[in-house]
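Participant: This is the structure, below, for whatever I ask next.
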Amino acid sequence: MAQENGDQNGFAVPPPDTNPLNDQELLKPSTADPTTKEANPQASILPGDSELTKAEKIERHGNDDSANGNDDSEPSAKRRKLSTSHAAAPPPEKATEPTEEQPGRKKGVAPIKKEFLIDVSRTAQPSAPGYDDDAAEASGKNNEQEPAAGRGGGQQKEGKKRGQNKGRNFGSSRDEIELCKSRAHANEFAEQTCRFGGSCKFEHDIRRYLKDGKREDLGTFNGLCPIWEVKGRCSAGWRCRFAGSHSKEVEREDGRKELVLVDKEVPSAEGGDKKDDEDEGVGVVNVISNQQKIELRKKLVKTPKSDKYLEWMNKQNEGGERRLGPKKPAAGEDGAEGGDVKNGDSEAKHDHRAGYVEPPLRASEKRRLYYGPETPVLAPLTTQGNLPFRRLCVSLGAQVTWSEMAMGLPLLQGEKGEWALMKAHESEATPPAYNPKPGNMVVDYDNSKDLKFGAQIAANKPWLAMKTTEVLTALCPQLRAIDLNCGCPIDLVCRQGAGSAMLDTHSKLEKTLRGMNLVSGPTPITVKIRMGTKDKQPTAEKLCQRLVLGGPEAQEGPSGVACITLHGRSKQQRYTRSA
């Protein structure tokens, strides 16, 4: 309970140690060559990184200080000194004869003027350190002596600092008393709704929080909350640093005075919908609450469509051998026997057709998609295609945007970092431009129901892709389409059978897309593929025919894919090699 409460209020989450597609596989140690590390210099884990990005950084660079190939056992200053001392000396360069007016110069080195040079002999002996009164106040008499050496030559851990001024307050970015999130938007006399009850470690008394725990309100913007001015309601509630501008004290009939939050009447175009989620932000859509993430983590969210179709698909797979019938007789066998086998083959197929059971679901009618010269597309960009970047691109003319690639398993587990990838700006929830030429019309296309923003996911199993699709369409209504990424060449993804590894199993890919199409409702399903996995063995043409027309063993017609995006490189060519 305490852990969930802490997670609810935004405590730090440790970096992952397992593969985001399979929590049973541990991440491999860093084995990347120096060229790979140099080409990917960003190794620190950032708060907005997805589960895939975190795992890839750890596998490529290691964790924390090992990111650049350094040994954690040595301090950074010592490492810098060692790397400098062991570095190879550069070749001598030709220099002009130094003179008083023209000192000797080297290429790429700017000389220092004579008046700014310091005599090294006078700085050789370190001067006595200055007296630090703050350190003296924080230290006690026990700290005046040098610490004794511990076992193995190392120093022992310092004792607890003591002193008269040990209670000095140096300020903090947090409130001294933190208010429970269940009370952040409630009035003073409102009913208690905290699910932790008396065991909650945060404050529930709003008046005490404002008096003793909350930092003082800010005076900028004339003391008015800018979000409340625009949206009519502040998402921070009582915890806002401008809470005085959207709250007041009212007197009830029984004489009691109650602190209440004030909502401002604004036009619907500016105010939008009003949600109690603090993470909503201004103009952000596709936001799910913390309660929904907790339900996903506890596996309380049901996926009835996926469960029904998976049960039917498993039964069909069990009867696959019977559907194919007995093998044909080998050459040279008795013709009479061959005739008997032929008759038995036709009877077996007839029996199978009689016992065929239709799938329990049929694909819903999908929204039509339109792509044309007036709809420039912003491709999914891992670690780059975040919400602010996409918002900027939309303002510059992008008409179709895609999220960063999200992993299916972390989405089903309610990971905050993965669900943050699904957030979109309200400018991405508007219809794209539509000015088609007479020969480029799309039948039954309704531009008023279309959107700009779509989600891209990766999954290695049909059940994972289907359940992720059903959850996404249920919790994120502002989606243009859901794209299955079968072109990612990252080893971390391909080792588990996702990404480009799906191109080696066409039947599995078709089943996955067919199932996603059945559970997605009106949201279209698209797929991104590559030319193949190997340079000299392109398989894209055969795969496209299968996805458009249906495979030889399919009995339900085409797979229902609305769009196929082809990357003109193979998996081996990755991103930079010539296509």
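Sequential numbering from 1, following the chain as shown.
Cβ atoms here come from the backbone N, Cα and C positions, even for glycine.
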Participant: Looking at the ranges 224-249, 458-483, 484-509, which is given as zinc finger in TrEMBL?
Facilitator: 224-249
Participant: Have a look at 72-105, 174-207, 276-309, 514-547 and point to the one annotated zinc finger in TrEMBL.
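Facilitator: Of 72-105, 174-207, 276-309, 514-547, TrEMBL gives zinc finger for 174-207.
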Participant: What are the DSSP helix/strand/coil residue counts across the zinc finger (174-207)?
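Facilitator: The composition, in the requested order, is 8 helix, 2 strand, 24 coil.
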